[in-house]
Amino acid sequence: MPLLWKRGFLLVICWIIVRSSPTPGSEGHSSVADCPSCALTTLSKDVPSSQPEMVEAVKKHILNMLHLRDRPNITQPVPKAALLNATKKLHVGKVGDDGYVEIEDDVGRRAEMNEVVEQTSEIITFAESGTPKKTLHFEISKEGSELSVVEHAEVWLFLKVSKANRSRTKVTIRLFQQQRQPKGNSEAAEDMEDMGLKGERSETLISEKAVDARKSTWHIFPISSSVQRLLDQGQSSLDVRIACDLCQETGASLVLLGKKKKKEDDGEGKEKDGGELTGEEEKEQSHRPFLMMLARHSEDRQHRRRERGLECDGKVNICCKKQFFVSFKDIGWSDWIIAPTGYHANYCEEECPSHIAGTSGSSLSFHSTVINHYRMRGHSPFANLKSCCVPTKLRPMSMLYYDDGQNIIKKDIQNMIVEECGCS
């Protein structure tokens, strides 16, 4: 029923546009006035500023799909060592030979196989120091709190073992979630005072694991149910106390926070960076604790098999797909978008002589964004035009980026890249 409604709505819109378009006998009528996709070609030739306008439309479209008003302001990015280590260890991406992060685009491959793809976000939140000592603070991104189901959530901790340690002794690492202490519970308040929390917070064991203390390595602690409860309560701050009773005896220690880069005085009373990190400091930064969360909400999608559309190669004058790539580095966005390196903002152009065939309203998302952007700018090629050559197949796009809170987010965005074009 929703699909039929969308088709009906599209036909009504097309009918209104056709009724408002100039008649075939109108003076100055041309093939350009028959279809906005034809006007795209004309615009690129007649309007010198068309490419900058297209780029601006693409930027607005990406921000809209990521539910952002403006691009995040990155003042203190996560150290590259920590970023590369986190993405290397998780399935959100891999590090290429050149040191850049490449997204593992599983969602795109699934879309090619016509599988139902659910909108998901994979979020990496690096720990901040908490109170009291040995407490980690995670500020979960708003992106994660808006999604309904936590597929899994894990805290990653690095256990560093002294080279002199030859013991086979295992140590038990425990994670306690700290929460505000309810009023009126005097007995619990006394217990908190014994733990040095002054009765302000209670804590609950949320994960524990016995690990081998013979080698330095990462350890994963699942806390999915705890994060789900936290989000269900409308909260986004997670405080976790880390306990390891036998670590000191076995010569092992948990890297709870990477060492910060030292500051130096520049002689004028201002601080400046104190040079490059040492090898040990670089290693500490790469072992910074983090929380990895995969969250989702289902979105019904229906797929239909279609014949592959035409590519615009300069030799065809019927409805086809025009390739248009926007490099994030060229537009100054590479500081907050980790991967991919750019966006294939393909669109549809050329003439469409065939009759109207209904398509899903969601399929028009990007095409309509570009057309409306030009129409609002008052470019004459788009005045009183009827839509005809439109996307008939789109695929998702995976993005890895920083939000304003310096969290790393991997988001699979539906209907982002035009794959095929056809006549509506």
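Just so you know, glycine gets a Cβ as well, placed from its N, Cα and C.
According to Swiss-Prot, the signal peptide annotation covers 1-20. Per Swiss-Prot, N-linked glycosylation site is recorded for N165. Residues or ranges marked as region 'Disordered' in Swiss-Prot: 178-200, 260-288. Per Swiss-Prot, compositional bias 'Basic and acidic residues' is recorded for 263-275. The disulfide bond feature in Swiss-Prot is assigned to C312-C320, C319-C389, C348-C421, C352-C423.
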Report summary line: What remains of the disulfide-bonded residues C319, C348, C389, C423 once a 10 Å Cα-Cα cut-off to C312 (disulfide bond) is applied is C319, C348
Report task. Quick one: give me the count of other CB atoms within 10 A of the CB of C421 (disulfide bond). Result -> 28
Report task. Round to a whole number and give the Cα-to-Cα distance in Å for the pair C320 (disulfide bond) and C421 (disulfide bond). Result -> 6
**Report entry** Listed disulfide-bonded residues (C312, C319, C348), ranked by Cβ neighbours within 10 Å, top entry
**Finding:** C348
Query raised in the report: For the disulfide-bonded residues C320, C389, C423, which Cβ has the most other Cβ atoms within 10 Å, all shown protein chains included?
Result: C389
Query raised in the report: For C320 (disulfide bond), what is the secondary structure by DSSP, using just helix, strand and coil?
Result: strand
Query raised in the report: What Cα-Cα separation, expressed in whole Å, is found between C421 (disulfide bond) and C319 (disulfide bond)?
Result: 7
Query raised in the report: What's the CA to CA span in angstrom from C423 (disulfide bond) over to C319 (disulfide bond)?
Result: 7
Requested in this report: Work out how many Å separate C319 (disulfide bond) and C348 (disulfide bond) at their Cα atoms, rounded off.
Outcome: 7
Query raised in the report: Any idea what the Cα distance is from C389 (disulfide bond) over to C348 (disulfide bond), rounded to a whole Å?
Result: 6
Query - C312 (disulfide bond): secondary structure state under DSSP, collapsed to three categories - result: coil
